[in-house]
Structures are given as structure tokens and as C-alpha cells.
């Protein structure tokens with residue numbers, strides 16, 4: 001009976017919100033980000049070039065906890081065309097809270113790319129140009145200067161490089177991984193690949209200057225993401241093992257090690273709407289759909305966009321677009337908070353993630369894993385999300 005009432009209310013509110021549709025914003029906020037949970041990582045590859053026996057084995061559960069978890073781990077930065085990258089910067093801070101500069105510290109830039117000068121500090125461009133595997137897909141390789149070809153060594157992306165629909169490249173740091181191994185710093189990864197760490201820390205900021213022009217090439221059935229550009233973050237283990245596996249055991253992604261889409265065009269009917277989405281199990285069962293902001297950022301197809309994402313120390317994650325985005329070596333806490341505060345409330349969409357409780361066992365193994373989400377938790381997440389969207393529509 002209660003479930004029927006809940007679903008009826010959900011349908012009514014969803015109909016009301018859907019009638020108006022998602023709105024355009026300059027800033028997409030998520031609060032209460034981070035929970036205690038676990039995922040399974042790849043422990044062993046087997047026969048990775050054999051069509052019949054290619055497979056992967058997973059190890060014990062890896063537990064995580066705290067603000068922004070599991071995205072407090074090392075992350076790689078991914079780009080899909082049509083896109084032209086002009087600047088990229090990664091920052092960390094000893095402590096930063098959105099809207100509270102008094103208790104926040106400045107941001108220090110630890111990685112930087114600028115296209116016209118070909119500056120590339122602590123940046124390595126990779127793509128999926130390596131050896132093919134029937135269960136793992138293509139391995140990582142160094143990207144050539146055009147982003148899509150392969151190179152024999154680390155190469156800086158050329159100025160003005162435009163990648164087309166479906167084409168991707170990745171940015172990792174220039175810090176080399178230790179030897180492949182389940183208990184090593186980078187986990188198990190494929191032999192022969194250029195293996196680097198991503199960018200870590202609970203409190204971090206990724207900034208971008210970029211273009212997302214309308215695709216000029218003709219569409220075809222071989223293009224999976226036609227005119228759907230994106231910038232997103234993945235747990236850095238994923239691409240080193242398999243970003244696009246045919247076997248779910250060949251990547252920690254399916255068990256929830258972490259993805260955050262900063263700016264992503266989701267489908268052809270909304271190709272100029274850039275959404276932010278969490279692909280974690282923080283209150284939802286459908287990892288593929290994820291936890292998406294109901295609002296979107298408008299894609300500028302004729303000019304340059306500046307913006308990025310802030311992961312603060314208190315579990316707030318903010319995607320934003322602003323022409324005032326700085327790329328200095330040091331950015332003060334006041335500068336970041338003033339930039340975010342300058343975006344009006346009616347240009348801000350806020351979502352709160354669910355609180356999830358789980359306790360890591362004293363000894364962990366695959367059999368000790370717990371179900372992190374229940375059906376009722378998923379229902380309550382949708383109620384909260386729909387209610388938030390309904391409230392936003394009423395206030396506009």
C-alpha cells in the first residue's frame with residue numbers, strides 16, 4: 001500500500017516536472033557526496049588475446065570511505081569529440097569549503113596544459129590505440145599530436161587539435177606507475193602499456209578552456225556518439241585495465257569504483273545540453289544511468305567555454321561554466337568562492353545525494369561484500385531528486 005502511494009506521488013511530481021523539462025544553468029551543485037562502500041578490482045588477466053578463453057578474475061573487495069569517496073581516489077581525465085582543448089589545469093588544496101573562504105586554503109596547480117605554447121606540465125596524453133583484446137578492448141598507448149594516432153613516446157597535443165565524434169583521448173599525470181600487481185599502487189594493468197597515475201586527493205579542482213563545435217562530418221552507423229562531446233573523470237585503474245570491456249570482471253567500473261561526468265551531451269535530442277552525472281552506488285542501483293543533475297549547462301557551439309569542477313573538503317561537488325575561470329599557478333580560496341558566488345541562484349541547480357551506511361568488515365574478501373543499496377533506497381533517491389526538481393521549477 002505504502003509503495004503504491006509513493007509511486008503515485010512520484011509519477012505526479014515527475015509529470016509536473018517533465019511538463020516544464022530540464023532548465024539551463026551555469027552551475028550544477030551536488031551536496032553530501034561520499035559514502036562508505038566497496039568495489040572489486042581486477043586481480044588477474046588470462047589469455048587476453050584469445051577469442052575463446054580471454055577472461056579476468058577479480059580480487060577481494062576494496063573498501064572506501066569519506067568525503068567524495070570513491071572519487072577521492074586517483075582519477076584520469078577523458079575527452080570525447082567534437083572537442084578542441086585549449087587549457088587544462090589540476091589543483092589541490094589542503095582544505096577548501098564552498099562558500100566558506102575563512103576556513104579554506106588556496107589552490108595549488110599541480111598539472112597544466114596550454115595549447116598555443118604547447119606547455120604540458122605533469123600531463124601525459126594517451127588514447128586507446130594499443131593492442132586489441134576480445135575481452136578487454138584496445139589497450140592504452142601514447143597519443144600522437146593530433147590526439148587520435150599512436151606515438152612511441154609522450155607527445156604534447158598540437159595547438160588547434162580538434163577531435164571528431166566518437167574520438168577520445170585521456171590525460172594522466174607524468175608520474176609512472178610501479179610494476180603491475182594487485183597490491184601495488186596502480187593495481188593490475190596490461191603489459192606494455194604506458195602506465196601513469198591519475199590525479200588524486202579528496203579536495204581537488206579540474207579546470208578547462210575548450211570548444212565543442214557542431215560536428216561537420218556526416219553521421220554513420222559506425223559512430224556511437226555522433227555530435228555528443230564530453231569531458232569526464234574515471235577511477236584511474238579503469239583505462240589501464242579496460243575502459244570498454246566485454247567482460248564486466250575486466251574493469252572495476254561495473255562494481256562502482258567511480259566515474260563523474262563533468263560536461264556530457266547525453267543523446268541526439270539534447271546534443272547541446274551538457275549534464276553532470278555521478279556513476280557511483282550512492283543511493284541508486286542503476287550505475288549506467290547514474291545520479292544525474294536535472295539541470296544542464298548549455299553547450300556553446302560557436303565559441304570558447306571555460307569552467308570545470310570543484311571537489312571540496314565537505315562533500316560538495318560543483319560543475320560550472322564561467323568566463324572568469326582562472327588558470328594561475330596559485331588560485332586563492334577567495335577567488336574560487338567569489339567566482340562561484342557570482343553565478344546567480346537562478347543559474348544554479350542543486351542536488352543532494354543520499355546518505356548511505358555500510359561498515360567495512362575487519363577482514364575483507366569477495367564473500368564479505370555487502371549490498372550497498374536496497375530497492376527502497378533507490379525509490380527514496382528518486383523521490384528526493386524529483387522533489388528537488390519540482391521545487392526548482394516552482395522557484396524559477
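Heads up, the Cβ atoms here are built off N, Cα and C, so glycines get one too.
Here Swiss-Prot flags 1-19 as signal peptide.
A coil conformation is recorded for residue 51 (N-linked glycosylation site) in the three-state DSSP classification, outside any helix or strand. Taking the Cβ of residue 51 (N-linked glycosylation site) as reference, residues of its chain lying under 8 Å away and at least six apart in sequence are, in sequence order, 134. Sequence annotations record features per position, and here Swiss-Prot assigns N-linked glycosylation site to 51 (among others) based on sequence analysis.
Residue 99 (N-linked glycosylation site) falls outside any helix or strand according to DSSP and counts as coil. Residue environment of residue 99 (N-linked glycosylation site) contains 11 other Cβ atoms, counted within 10 Å of its Cβ in all protein chains. As annotated by Swiss-Prot, N-linked glycosylation site applies to 99 (among others), with the evidence given as sequence analysis.
Sequence-distant contacts of residue 122 (N-linked glycosylation site), defined as residues of its own chain at least six apart whose C-beta falls under 8 angstroms from its C-beta, comprise 90, 110, 111, 112, 173, 174, 175. Taken from Swiss-Prot, the feature N-linked glycosylation site applies to 122 (among others), supported by sequence analysis.
Long-range Cβ contacts of residue 146 (N-linked glycosylation site) within its own chain (separation 6+, distance under 8 Å): 157, 158, 161. Swiss-Prot lists 146 (among others) with the feature N-linked glycosylation site, giving sequence analysis as the kind of evidence.
Around the Cβ of residue 174 (N-linked glycosylation site), a 10 Å sphere holds 13 further Cβ atoms from the protein chains shown. Mapped onto three states, the DSSP output places residue 174 (N-linked glycosylation site) in coil. Per Swiss-Prot, N-linked glycosylation site is recorded for 174 (among others), and the stated evidence type is sequence analysis.
The N-linked glycosylation site annotation in Swiss-Prot covers 219 (among others). Other C-beta atoms found within 10 angstroms of the C-beta of residue 219 (N-linked glycosylation site) number 11, with every protein chain shown included.
Using a 10 Å radius centred on the Cβ of residue 249 (N-linked glycosylation site) and all shown protein chains, the other Cβ atoms total 18. The N-linked glycosylation site feature in Swiss-Prot is assigned to 249 (among others).
Taken from Swiss-Prot, the feature motif 'ExDxxE motif' covers 259-264, and the record attributes it to similarity to another entry. Cβ atoms under 8 Å from those of the motif 'ExDxxE motif' (259-264) belong to residues 71, 75, 206, 208, 212, 228-235, 238, 253, 274-280, 290, 297, 299, 307-309, 317, 319 of the same chain, restricted to positions at least 6 beyond its ends.
Within the same chain, residues at least 6 positions away in sequence whose Cβ sits under 8 Å from that of residue 267 (N-linked glycosylation site) are 228. According to Swiss-Prot, the N-linked glycosylation site annotation covers 267 (among others).
According to its DSSP assignment, residue 300 (N-linked glycosylation site) is coil. According to Swiss-Prot, the N-linked glycosylation site annotation covers 300 (among others), on the basis of sequence analysis.
Annotation source Swiss-Prot lists N-linked glycosylation site at 328 (among others), citing sequence analysis. Within 10 Å of the C-beta of residue 328 (N-linked glycosylation site) there are 12 other C-beta atoms, taking all protein chains into account.
In the three-state DSSP assignment, the secondary structure recorded for residue 346 (N-linked glycosylation site) is helix. Swiss-Prot lists 346 (among others) with the feature N-linked glycosylation site.
The annotation GPI-anchor amidated asparagine is assigned in Swiss-Prot to 368 on the grounds of sequence analysis.
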Taking the Cβ of residue 300 (N-linked glycosylation site) as the centre, how many other Cβ atoms fall within a 10 Å radius?
-> 15
Please average pLDDT over the motif 'ExDxxE motif' (259-264) for the predicted structure.
-> 99
